[in-house]
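Peer 1: Pasting a structure below so you can have a look.
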Amino acid sequence: MDLLPRVGIGTDVHRLVDGVPLHLAGLHWPDEPQGLEGHSDADVAAHAACDALFSAAGLGDLGSNFGTADPAWAGASGAALLEETARRVRAAGFEIGNVAVQVIGNRPRLGGRRAEAETALSAAVGAPVSVSATTADGLGLTGRGEGVAAIATALVTPRHHGSA
């Protein structure tokens, strides 16, 4: 196995709906009037991080690992998916360097809870996770407030097993 670091990218987007609690970046947002619709808790930040980690390790993507046809993951938290993703990446022979996640949406405003989100996601991954946020200036589904998206990158390095 090549010992050079590998980078992966992941994205996720979910629609905002009434009557669903909002889970985003490993946190519950009890004051938000809408939540994200999905098979699991629809935490787009955690899901994008999972996709980035799977991509970097060459292990497929979120859907091929935790598909909607598998009832075991119905309602699962983003943190649980991220913990299992990190376990699978490490089991495949990789160390996780870091993950960077950018959330795109009008709500919630992440600034006041950024450190808390980074702590929650880092704990799930077992490696540093940074979180940033932006809006889409009124453009597209995130700009119109119809949903929230996230983009993530991950750095993994193959573990060296003995000398050549």
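Just so it is clear, glycine is given a Cβ too, placed from its N, Cα and C backbone atoms.
So Swiss-Prot says this about it:
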type: BINDING; residues: Asp12, His14, His47; note: divalent metal cation binding site
type: BINDING; residues: Asp12, Val13, His14, His39, Ser40, Asp61, Leu62, Gly63, Thr134, Thr135, Ala136, Asp137, Arg144; note: 4-CDP-2-C-methyl-D-erythritol 2-phosphate binding site
type: SITE; residues: His39; note: site 'Transition state stabilizer'
type: SITE; residues: Thr135; note: site 'Transition state stabilizer'
Peer 1: To the nearest Å, how far is the Cα of Ala136 (4-CDP-2-C-methyl-D-erythritol 2-phosphate binding site) from the Cα of His39 (site 'Transition state stabilizer')?
Peer 2: 25
Peer 1: CA-CA, which of the recorded positions His39, Ser40, Leu62, Thr135 lies nearest Asp12 (divalent metal cation binding site)?
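Peer 2: Among His39, Ser40, Leu62, Thr135, Leu62.
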Peer 1: Which has the fewest other CB atoms in a 10 Å radius around its CB: Ser40, Thr134, Thr135, the listed recorded positions?
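Peer 2: Minimum Cβ neighbour count within 10 Å, taken over the recorded positions Ser40, Thr134, Thr135, occurs at Thr134.
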Peer 1: Which ones are near Leu62 (4-CDP-2-C-methyl-D-erythritol 2-phosphate binding site): of the recorded positions His14, His39, His47, Thr135, which have a Cα within 10 Å?
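Peer 2: Taking His14, His39, His47, Thr135 one by one, the ones whose Cα falls within 10 Å of Leu62 (4-CDP-2-C-methyl-D-erythritol 2-phosphate binding site) are His47.
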Peer 1: Name the residue among the binding-site residues Leu62, Ala136 whose Cβ has the smallest number of other Cβ atoms within 10 Å.
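Peer 2: Counting other Cβ atoms within 10 Å of each of the binding-site residues Leu62, Ala136 gives the minimum at Ala136.
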Peer 1: Using C-alpha atoms only, work out the spacing between His39 (site 'Transition state stabilizer') and Arg144 (4-CDP-2-C-methyl-D-erythritol 2-phosphate binding site) and round it to an integer in Å.
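Peer 2: For His39 (site 'Transition state stabilizer') versus Arg144 (4-CDP-2-C-methyl-D-erythritol 2-phosphate binding site), the Cα atoms are 23 Å apart.
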Peer 1: Within 8 Å of the Cβ centroid of the divalent metal cation site residues Asp12, His14, His47, which other residues of the same chain have their Cβ?
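Peer 2: The surrounding set, listed in chain order, is Thr11, Val13, Leu36, Gly38, Ala42, Asp43, Val44, Ala45, Ala46, Ala48, Leu62, Ala149, Ala150.
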Peer 1: Would you mind ranking the binding-site residues His14, His47 by how many other Cβ atoms sit within 10 Å of each Cβ and giving me the lowest?
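Peer 2: If we count Cβ atoms within 10 Å for the binding-site residues His14, His47, the smallest count is at His14.
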Peer 1: Can you figure out which of Ser40, Thr134, Thr135, Arg144 (the recorded positions) comes closest in space to His47 (divalent metal cation binding site), comparing Cα atoms?
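Peer 2: With Cα distances computed to His47 (divalent metal cation binding site), the winner among Ser40, Thr134, Thr135, Arg144 is Ser40.
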Peer 1: Fewest other CB within 10 angstroms, which one of the recorded positions His39, Arg144?
Peer 2: Arg144
Peer 1: Do you know offhand how many angstrom separate His14 (divalent metal cation binding site) and Ser40 (4-CDP-2-C-methyl-D-erythritol 2-phosphate binding site) by C-alpha?
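Peer 2: Here the two Cα atoms are 11 Å apart.
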Peer 1: How big is the Cα-to-Cα gap, in Å, between Arg144 (4-CDP-2-C-methyl-D-erythritol 2-phosphate binding site) and Thr135 (site 'Transition state stabilizer')?
Peer 2: 10
